[in-house]
């Protein structure tokens, strides 16, 4: 059921009412968004063009980087453009579209991080059968399941919000459309729908966290029998992934696994998981992974040679 009440647009309050602060933020967030797109695109390009990065781990990494670009693009361009205008508005349908794609790509990223944890479990605990278990067909199926999981999560969220009437006010104390600010604007009792929304997000979080924790507990137990050098090499491959998982899951748990109320800190936390985390992911994976750094250097060398010709 689409909204049939008198609200046809929403007004964002944005990050700050100060025009000077907004101008500074415009420059900062424009540079950050450009870095997100270029950094993650570089990882995708490096994995696609490098033969040394043909393992499932890098296959999943390239998809994660692609999802990061899409995820940040659902909010960052609107945020950046709004920093240049005094009245920050978005149509009702534009709000619903932004909400859908944000949760779609966010749910997909969460699922991909879970798949990557399973990949590390197989690589470390079943190294002799790794290429057999994680063959190309299995990898494609796991990626497809991640996309489907994100879609179903987002579809459930948007169908619940679609049922809410909005009859005023229409001012959102945020810089993008999300479920909790919209629940507060609805002119109906949102207690039950709020519980369903939290349950939907909670189910995805709980399943993902359960698989992640189980994978790494089993990995740590398995590493007790390895030599110190073997443990160091195995843990180095997991370190980047664990860091990214913490950067993504902790803010999401803070925002979505609590009663449906907004807090003053929500906007700053949202900046972290919509802008900072997608920016840090390529940095973490490139700086902590020698194979990725070597492949990037080879890619850069080939590009320089092509320019010279």
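Backbone N, Cα and C define each Cβ position, glycine as well.
Features of the protein shown, as given by TrEMBL:
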type: TRANSMEM; residues: 26-48; note: transmembrane segment
type: DOMAIN; residues: 39-285; note: domain 'G-protein coupled receptors family 1 profile'
type: TRANSMEM; residues: 100-118; note: transmembrane segment
type: TRANSMEM; residues: 138-162; note: transmembrane segment
type: TRANSMEM; residues: 191-223; note: transmembrane segment
type: TRANSMEM; residues: 235-257; note: transmembrane segment
type: TRANSMEM; residues: 269-287; note: transmembrane segment
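Averaged across the domain 'G-protein coupled receptors family 1 profile' (39-285), pLDDT for the predicted model comes to 86. In summary, the transmembrane segment (26-48) does not lie against the transmembrane segment (191-223): fewer than three C-beta pairs, each 6 or more positions apart in sequence, are under 8 Å. When Cβ-Cβ distances below 8 Å are used as the criterion, the transmembrane segment (138-162) is approached by residues 1-3, 56, 59-60, 63, 96, 99-112, 114-115, 118, 179, 182, 193, 196-197, 200-201, 204 of the same chain, each at least six residues removed from its ends. Sequence-distant contacts of the transmembrane segment (269-287) (same chain, six or more residues past either end, CB-CB distance under 8 Å): 15, 29, 32-33, 35-36, 39-40, 42-43, 61, 64-65, 68-69, 71-72, 74-76, 102, 174-176, 178, 240, 243-244, 247-248, 251-252, 254-255, 293, 296.
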